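Report on the structure given below.
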Amino acid sequence: MNANPTFLAATAEVDAAAVAPLPKSRKVYETGSRPDIRVPFREIEQADTPTMFGGEKNPPLTVYDTSGPYTDPQASIDIRRGLPALRRAWIEERGDTEVLDGPTSDYGKERLTDPKLTAMRFDLQRPPRRARAGANVTQMHYARRGIVTPEMEFIALRENLRREHYLETLRASGPDGEKLAKRLLRQHPGQSFGAALPSAITPEFVREEVARGRAIIPANINHPEIEPMIIGRNFLVKINANIGNSAVSSGIGEEVEKMTWAIRWGGDTVMDLSTGKHIHETREWIIRNSPVPIGTVPIYQALEKVDGKAEELTWEIFRDTLIEQAEQGVDYFTIHAGVRLPFIPMTADRMTGIVSRGGSIMAKWCLAHHKESFLYERFEEICEIMKAYDVSFSLGDGLRPGSGYDANDEAQFAELKTLGELTQVAWKHDVQVMIEGPGHVPMQMIKENMELQLKHCDEAPFYTLGPLTTDIAPGYDHITSGIGAALIGWYGTAMLCYVTPKEHLGLPNKKDVKDGIITYKIAAHAADLAKGHPGAAIRDNALSKARFEFRWDDQFNLGLDPDTAKEFHDETLPKDSMKVAHFCSMCGPHFCSMKITQDVRDYAAAQGVSEKDALQQGMQEKAVEFVKKGAEVYHRT
């Protein structure tokens, strides 16, 4: 697809690379209590264990799937029409919303009637909705009234990953099925740092966590296309992928491609951080084609409306922007309401000052007017807008540290306390909240961030950017931050915002997006393992079994990135025959540790002794052989 002005709605096409199923994978669905609750998963086919290793069946493995209909061969994908409105019936039957005649924001009306935008505009036939007068349509409001919504049931099924089904298929796989099931479901005890991880997620548990404020379901009533998901420390750790154009790079087509690419590899949510041309139109195309929640930073677009002059921002412009984006279907807003006038001087001695774009915008406004932030002063009015559309807060950390030097300083924690106070205000309105966190933090200082967030914000979900654990690796900050992300995820962070290799350097392309996502999927999964999340080790165990049995294709396919794993293997062992070889190019055929281990097991079986006895017996035989050959360390050839 081409960029900015040349993007044409009539010829828009889905990215072919995003729609093909992953190798040996198929889309499967689990139906809930009603036929329109169909929860998607990816099922990975496995080969049978080779006869020499026991010849047992290896049933398909179910994994979490964020790719939506794009990887379902039965789905008809046309990005000009958008995705099906999965939640429409659920929203309508609640009877607490009204259909509007059209956009009610001034800017939304302006864009809709601008003839110059016709060729690039998404042709949405469905008008927006909002809450009826006096109604509250948030998932938190329903949860606090004791209502288990279809979204909550959908999430419960999704979080359980069909573990019971997998257990049953293992048990039915053969005469040793029970033994195999016990082996593959084995998991080391975790350290959850106070998180309450039930053995199975129920719809009622989802409701309780949302009612308590410990979890959020980002699900704007104007984004019926999403497949519901949850963010909370008692659930699987999630990751977010940032996309978005700039004034000098990328356009609508590229950003839609990045979104479909991001969800293919595991992005649980996507933030559109566009700051260039056609922000409104870009966002519409992304939302209409996204099965995952979309977040934004509304102050970015508000700033564009005043030609980049922060001091000219007004509450009226910002309010109109909130309504504009809420009526498009944005699921969560990053709002930097904790950047207060008294906190700005606290950043004076920092090495890197205020590095958050949103934070710096509001700091400049506060200083220009020498007034308290209108985001802080008008926070209750913002809550009224949020609950009319069920937009969740992502309370921004505008004073986050931009270097390890500035980590855990007075400004950062003053803002965090304020975010905790604002959380209580939002909860008074039954508006869902998560809290954004740093940033750049050395490893030994990360745990304090989590502990203080839990204390000040009353266990509202934490959503962190990394944190980056060192500042010496431009070009590799997906790694410096992945280390911190794994740690803070273990300590209790609910969602990790990915960092790409281009962080601090430039706008990420599709490859950067994938690299960032895979890095953060690793971090999130490592955190789930460390917390002891039920069933977290199943995929690890299945892949380890495949590795030991030299099922190369299964190793590739069970991994997070089958394409890259296969590519690396094929660089040195490209032939199909090498896919059944009992070695890889690292050690070769004579030094493969797993092959040697298997040889020991075969020897033990042949001798009718234990592996331990086989090792001892084998060493004795080799000792005798050594003496018979003259007891020489080296022999002439």
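Indices start at 1 and increase along the chain as displayed.
For all residues, glycine too, the Cβ spot is worked out from N, Cα and C.
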Annotated companion of ASN242, TYR300, HIS336, SER356, ARG357, GLY358, ASP397, GLY398, LEU399, ARG400, GLU436, TYR463 at the substrate site, Swiss-Prot, chosen from MET152, MET259, MET271, MET450: MET271
Rounded to the nearest Å - Cα separation of ARG400 (substrate binding site) and HIS440 (Zn(2+) binding site): 8
Pairwise CA distance, HIS440 (Zn(2+) binding site) versus SER356 (substrate binding site), rounded so that it is a whole Å: 12
Other CB atoms within 10 A, centred on GLY398 (substrate binding site): 31
Maximum Cα-Cα separation in Å among residues ASN242, MET271, TYR300, HIS336, SER356, ARG357, GLY358, ASP397, GLY398, LEU399, ARG400, GLU436, TYR463, which the record lists as binding substrate: 20
HIS504 (Zn(2+) binding site) versus TYR463 (substrate binding site) - Cα distance in angstrom: 20
Among TYR300, TYR463, the one of these binding-site residues whose Cβ has the fewest neighbouring Cβ atoms within 10 Å: TYR300
Rounded distance in angstrom between the Cα atoms of SER356 (substrate binding site) and HIS504 (Zn(2+) binding site): 12
Whole-number Å value for how far HIS504 (Zn(2+) binding site) lies from ASN242 (substrate binding site) (Cα to Cα): 14
CB within-chain contacts under 8 A for GLY358 (substrate binding site), separation at least 6: VAL297, ILE299, TYR300, THR334, ILE335, HIS336, VAL339, GLY396, GLY398
